[in-house]
Amino acid sequence: MPAKKVCIVGSGNWGSAIAKIIGHNVRASNRFDPVVNMWVYEEMIDGRKLTEIINTEHENVKYLPNHKLPANVVAIPELVDAVKGAKVLVFVVPHQFIAKLCDQMKNHLGEGTIGISLIKGISEGPDGLKLVSDIIREKLELDVSVLMGANIANEVAEEKFCESTIGARNEANGQIFKELLQTPNFRITVVMDSDTVELCGALKNIVAVAAGFSDGFGLGDNTKAAVIRLGMMEMVAFARLFLGESVCSETFLESCGVADLITTCYGGRNRRVAEAFVKTSKSITELEAEMLNGQKLQGPQTSADVYNVLQKKDMVNKFPLFAAVYQICFEGRLAKEIITCLQNHPEHM
Ligand SMILES: NC(=O)c1ccc[n+]([C@@H]2O[C@H](COP(=O)([O-])OP(=O)(O)OC[C@H]3O[C@@H](n4cnc5c(N)ncnc54)[C@H](O)[C@@H]3O)[C@@H](O)[C@H]2O)c1
Ligand SMILES: O=P(O)(O)OC[C@H](O)CO
């Protein structure tokens with residue numbers, strides 16, 4: 001069987017960290033072509049193209065500085081050129097960009113191409129919730145797995161030990177992605193409950209924003225633990241509401257569930273910016289621009305997407321923590337009302 005060409009669609013903080021792993025792993029496997037394409041959203045850095053910097057210095061100096069990428073990872077600015085001939089696509093862009101990128105890729109993919117989404121977020125469809133993987137499936141007609149877990153990109157790039165979860169609909173494809181992505185310090189479990197895995201990855205970012213508010217008020221570890229627990233209860237309830245009987249409780253015990261929720265509520269960007277939101281009174285948009293140097297927050301936007309979906313179902317009052325995050329970020333509700341929200345949570349009624 002010919003070696004499969006891999007293309008990474010995205011090159012931000014996580015995209016670059018995963019490129020380090022993929023570039024290394026394809027060299028050690030007969031299954032994959034040893035040269036990996038990486039689509040890069042082109043920008044100028046001190047008068048030079050980012051793609052040129054990556055291809056000469058083998059470093060994404062803006063989104064993952066101080067980490068060398070393997071030389072077999074080739075940065076390509078045109079999306080259609082990057083995906084040409086690829087049989088394995090790794091989608092890793094902020095979720096707000098994925099639909100438009102799929103439209104550009106459509107009609108440029110070969111038969112039998114498979115994909116995996118590392119994107120944490122959701123979208124809204126005409127009938128309510130739409131998963132990012134569903135957008136990719138519908139637009140590109142691919143089998144799509146997902147990878148979600150307690151995986152802060154900088155720590156993964158430093159090769160510190162962590163776990164991750166692949167959610168697959170096609171088990172054989174899930175195993176192919178495990179071969180592509182697993183390392184001694186990045187241990188992967190494959191489960192078939194793909195939609196729950198994906199929802200965990202998206203929803204934990206909303207809880208991280210609430211954890212950041214709590215930190216901003218200096219409420220301490222007990223309060224943050226309560227935010228994490230109540231957030232998890234809302235994640236489970238939301239998954240059951242939208243995915244029904246197919247949701248497997250054990251999935252929340254995988255890295256994509258409890259572990260990602262913990263890491264994100266302590267070490268993530270959403271937490272950090274939400275803490276600054278409380279301390280500075282600047283808007284989320286201002287803080288994202290000031291603090292993240294081009295990286296994108298997923299939590300506030302996901303809270304808005306989730307709020308709209310819940311409104312359509314008339315279920316907002318069943319998810320007070322998710323709703324409070326949205327209202328505080330976008331509707332001027334006072335951040336300190338996160339405490340009122342915890343005090344009156346239906347879990348204690
Ligand atoms: N960073 C992490 O620690 C981490 C870990 C796990 C999962 N994730 C998830 O991975 C996904 C990607 O995150 P990331 O950290 O790689 O990205 P990031 O936050 O670093 O985002 C910046 C990326 O978006 C690109 N971009 C900017 N404008 C664009 C446009 N108009 N169209 C297309 N691309 C544009 C930038 O060039 C850059 O590559 C997100 O869903 C995130 O939640 C991130
Ligand atoms: O930095 P965040 O908040 O986007 O979270 C990063 C990862 O999703 C943690 O697994």
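Placement of Cβ uses the backbone N, Cα and C atoms for every residue, glycine included.
Straight from TrEMBL, the features:
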type	residues	note
DOMAIN	5-172	domain 'Glycerol-3-phosphate dehydrogenase NAD-dependent N-terminal'
BINDING	G10, S11, G12, N13, W14, G15, F97, A153, R269, K296, Q298	NAD(+) binding site
BINDING	K120, R269, N270	substrate binding site
DOMAIN	193-339	domain 'Glycerol-3-phosphate dehydrogenase NAD-dependent C-terminal'
ACT_SITE	K204	active site, proton acceptor
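Taken together, the residues of the domain 'Glycerol-3-phosphate dehydrogenase NAD-dependent N-terminal' (5-172) have an average pLDDT of 97.
Here G12 (NAD(+) binding site) is positioned 13 angstrom away from K120 (substrate binding site), judged by their C-alpha atoms. Using the Cβ center of K120, R269, N270 for substrate, the list of other same-chain residues with Cβ within 8 Å runs, in sequence order, N205, A208, T264, G268, R271, L297, Q298, G299. Taking all protein chains in view, 32 other C-beta atoms sit within 10 angstroms of the C-beta of the residue listed as 'active site, proton acceptor'. Listed recorded positions: G12, F97, K204, R269, N270, Q298. Those with a CB atom under 6 Å from ligand 1: G12, F97, Q298. The binding residues for NAD(+) are recorded as G10, S11, G12, N13, W14, G15, F97, A153, R269, K296, Q298; their greatest pairwise CA distance is 19 Å. For the domain 'Glycerol-3-phosphate dehydrogenase NAD-dependent C-terminal' (193-339), the number of residues in each DSSP class (helix H, G, I; strand E, B; coil) is 120 helix, 0 strand, 27 coil. Contact annotation for recorded positions (W14, F97, K204, R269, N270) versus ligand 2: R269, N270, each with CB under 6 Å from a ligand atom. Taking Cβ-Cβ distances under 8 Å and a sequence gap of 6 or more within the same chain, the neighbours of R269 (NAD(+) binding site) are M291, L292, Q295, L297. Cα separation, K204 (active site, proton acceptor) to Q298 (NAD(+) binding site), rounded: 10 Å.
Each residue contributes its Cα atom, and for G12 (NAD(+) binding site) and N270 (substrate binding site) these two points are 16 Å apart. Of all residue pairs in the substrate-binding list (K120, R269, N270), the one with the greatest Cα separation is 13 Å apart. Across the fold, the C-alpha of N270 (substrate binding site) and the C-alpha of Q298 (NAD(+) binding site) stand 7 Å from each other.
In the three-state DSSP classification, W14 (NAD(+) binding site) falls within a helix. For the binding-site residues given as W14, F97, the lowest number of other CB atoms within 10 Å of the residue's CB is seen at F97.
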